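The structure appears right after this line, and notes come after that.
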Amino acid sequence: MASSGYNPYVEIIEQPRQRGMRFRYKCEGRSAGSIPGERSTDNNRTYPSVQIMNYYGKGKIRITLVTKNDPYKPHPHDLVGKDCRDGYYEAEFGPERRPLFFQNLGIRCVKKKEVKGAIILRISAGINPFNVGEQQLLDIEDCDLNVVRCVFMFFLPDEDGNFTTALPPIVSNPIYDNRAPNTAELRICRVNKNCGSVRGGDEIFLLCDKVQKDDIEVRFVLNDWEARGVFSQADVHRQVAIVFKTPPYCKAILEPVTVKMQLRRPSDQEVSESMDFRYLPDEKDAYGNKSKKQKTTLIFQKLLQDCGHFTEKPRTAPLGSTGEGRFIKKESNLFSHGTVLPEMPRSSGVPGQAEPYYSSCGSISSGLPHHPPAIPSVAHQPTSWPPVTHPTSHPVSTNTLSTFSAGTLSSNSQGILPFLEGPGVSDLSASNSCLYNPDDLARMETPSMSPTDLYSISDVNMLSTRPLSVMAPSTDGMGDTDNPRLVSINLENPSCNARLGPRDLRQLHQMSPASLSAGTSSSSVFVSQSDAFDRSNFSCVDNGLMNEPGLSDDANNPTFVQSSHYSVNTLQSEQLSDPFTYGFFKI
């Protein structure tokens, strides 16, 4: 029964989905499917629905297909499904069906050669909702077979109960065949990357559903900004792939910016669902130099860590170097065979002997091989020295490698005696029997002493119970060298130790090398150093070291290296460099 006061009309509750449905041919032999509603999802299927407003009662509904554009003409495609015949849907409904849902409607397409026959069939059946002229209906050139619209027409019963009163028809949104590229739903299936530089130019491969190469574009959108990807028709591969380059962003950025990327068809302004695309800020180090440096630094640090696991092997000290890295000045030896005299016998009756408190010692060896040079006589024995008697119980040495005799020493051996004259030498401590006191030399009765007597001194009667351990040169080499060397004063006897006091250390450190040496042309070989050796204690080497047999004259002999150590650490940067008697070492 019609409602009084208001005219009834038809309203579409849910429009059919425009895209995503495929039109089927009759030859496919299968159902054309159902037209989904526009709000349909995979989890919640919905269908087109309509409702008659201002009317409650029975009625009849007819649904036909018309063309996309106005004037809406009958379309050659057919509606198929339940309650469908001759290409259209028609059914009666009662007051209980509110609203009306159409879930079994499908679209079956016809071939192009069958289009005209289908239009004639519609005219004969009276299917012309908008009363378009017959001549215009037969003009099928402008008919788009890929797009249709649904027309909903309602008929109300008259007084006789026949459904003859028609309500104004209503047209739905267009429905596109998903199989046709010019009307199909646009969809981005996959891209090889979804980010790129803010400067643009990144090449992107995009896979999609069928598109027309002359009717498609890739669009980048963010608020009011819009840009398009750069590609040509040749970059569209078989309607399903597009290779394009990204456009540059509108401004420089410091942080990544996300925009929307979508496909758009210019002919109908259809767009696909959007996909996020991130613009990345421009790299400050475009060529990766910073990362290369970091990688190199990490490799170097790892190399250092790996090398740190290996302990450093102790290196053999080179010839002439000490344990602290100090070097001894190596000069030519006075002797041809490197002969070392043994230590003189020690006197055991010295009372009041102080306890040594300097345990570290040094030694100077005379084992350096060299050629025997000629030695001019540059020093003479003072005539004021008393004569020295020869003891018979304490010889100096009988173990010489060269022809060494008491009577063959040259007169240059007298140059050793001035070394015993210095006031500093007179204060040497008597901590061992091998020390000497030059003060006792003044009490000697003999005014002069021969070289043989000098090297035979070993008794308390001659040097006040303090014999000096010296090394004598060979007889055959005394007249051939211009650079003679005194042998050594040894500080390496653990039983005969001496310690320098703080005052002595300062004096030794302040001592000038020029005050400790004299040229070969000077009147004396040794210069008196009273300030330098004042109250300095020295000790002689023991017999075990001095009498070591088989001392090689080779400079690389380990025996020489072992006997070349000293530890008087305060003699830094001091070189006792007498060119005739000895070449003291450099620290």
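Think of each number as a place in line: the chain as shown, counted from 1.
Cβ atoms here come from the backbone N, Cα and C positions, even for glycine.
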Annotated stretch (motif 'Nuclear localization signal', per Swiss-Prot) among the listed ranges 15-20, 39-44, 291-296, 321-326:
291-296
Other than its own, how many Cβ atoms are within 10 Å of the Cβ belonging to SER267 (phosphoserine)?
12
PLDDT averaged over the residues of the region 'Transcriptional transactivator' (403-468):
43
If H, G and I count as helix, E and B as strand, and all else as coil, what does DSSP give for SER267 (phosphoserine)?
coil
